[in-house]
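Q: Sharing a structure, written as structure tokens. Questions coming.
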């Protein structure tokens, strides 16, 4: 019995000790998580990104940012994982992305952070794949987008001064940040997430209209919970004027030389050097050539940057596509709209294919990975397919589609797109606008440079000519009876940079003179060609395709996919200028002017079986649309 009592006592002591250990664990960890419910074990970290010496440190260890830009809004969501896995396999450790205000808040009271625009899902995916994140939330981002990613409804205020402390702009920024920033705060490094730095605005040194503005943006981010390292990013010519106290100044460049190195050292001694945008290629504009940068030149510059102990972010690592009407425009030295492809001659092609640049970078970055850490195998390529040519078999005149457009609106004077009472009072952002009035004789039209950007002109729905920035006059044929004079005006893309962002209103932005007298009495139709408009055309009075169809017009055909859809490239030989829609989704613009001669069609935009294709053509068209397995971005020109 004595032995049994001793054993029972020992068991009770052991059980008590075990209970104490369990209680300690519960107190230490479960209690911790209850106070910070969003966190997990990853939150028990050392110090985040640090800039207090000439070398970045992360978690108190030397760290070199090997970054790459991939914009979630330019890549179909089903391909996010593929693109980021290819980034990891290249040796990149940090993802950077801009956040487009214009897409996340298309109307004052409408916010969109879902499906293709699910920023939280994108950042979570980056974390899952082991990537750090540098976030660039704007509000202005450039990104070669329409109005630099700012929403066009801001321009409804005739006194608007973008990127300044103008009350209307600041109020809008606050409303937007109130929605955006709480979504990304939990993803910061100090909360267990992948975000190690946040960029304040973008390239403000080249704008610099209000010295108070950058400090306001920094404080707006801080007050909403952003506490990681702040960055600013500017070109070398505006490097000194674009910073703000408390933020690391980073630079953008294509070539590194001794002058730039000295400039960096003089402005920020004993601080890490970061090339926030090393341009791996460039964008293209309509009427120009397809710009490419030699792979050897690119990797030579990146190697030079790294050998100097600097960090680098590749802009772009993968460009993707400016689907729909997302593209911006280059305002200098003269207006040139960007094409729909954002291939950028980047290391990953528009369709996610490997290039010579990718393999050269992978070899280089493998030398900067931690010892004993081998790069993962590169993911298997998705193949592209050719499909049978689609025969356009139905036609719908633009004039017969007007009953499905928003409007008509009536106005004595012309009204620019942004100030139309369309889209719940938010104006029209993209696409075309039709202005109609009446005349009783012939004469001369003078636009006074008030057409933004191209106006096809019609008399009684017969095309008579074009007005645009370089063509300011047009003769109207004689006629004594009352006739309808129509202007189909296209917004080809608002400037994405420059000091004239406030002047990017589109449509007819002022009076059009006819025989020296301003035209009056307009009926206006908004043709933004959004998803609901294209879908509504299924109820329109389509006709079998005639031998001589009228233009402008919509053309409908079908393409059959036998199995799981693959990527393909839409080619339109024999067509002039217009827009392509696949299953009502806007792929973007085409123009025989070039350089781009194909549109990237991702497999996820198709489905097995029959798929609808609608082409809006302005002036001349064929009856065939081709689907091929390779792109055609036009004749190449090397970037100097």
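Any Cβ shown, glycine's included, is placed from N, Cα and C.
All TrEMBL annotations are machine predictions without curation.
Straight out of TrEMBL:
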type	residues	note
ACT_SITE	203	active site, proton donor
ACT_SITE	277	active site, nucleophile
DOMAIN	55-367	domain 'Glycoside hydrolase 35 catalytic'
DOMAIN	427-528	domain 'Beta-galactosidase 1-like first all-beta'
DOMAIN	552-611	domain 'Beta-galactosidase galactose-binding'
TRANSMEM	12-30	transmembrane segment
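Explain the structural surroundings of these features, please.
A: Note on residue 203 (active site, proton donor): other Cβ atoms within 10 Å of its Cβ, all shown chains, come to 20.
Listed in sequence order, 69, 233, 252, 253, 313, 315 are the same-chain residues six or more apart from residue 277 (active site, nucleophile) with CB atoms under 8 A from its CB.
Per-residue pLDDT, averaged over the domain 'Beta-galactosidase 1-like first all-beta' (427-528), rounds to 97.
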Q: Give me the DSSP three-state residue breakdown of the domain 'Beta-galactosidase galactose-binding' (552-611), ordered helix, strand, coil.
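A: When I sort the residues of the domain 'Beta-galactosidase galactose-binding' (552-611) into the three classes, I find 3 helix, 34 strand, 23 coil.
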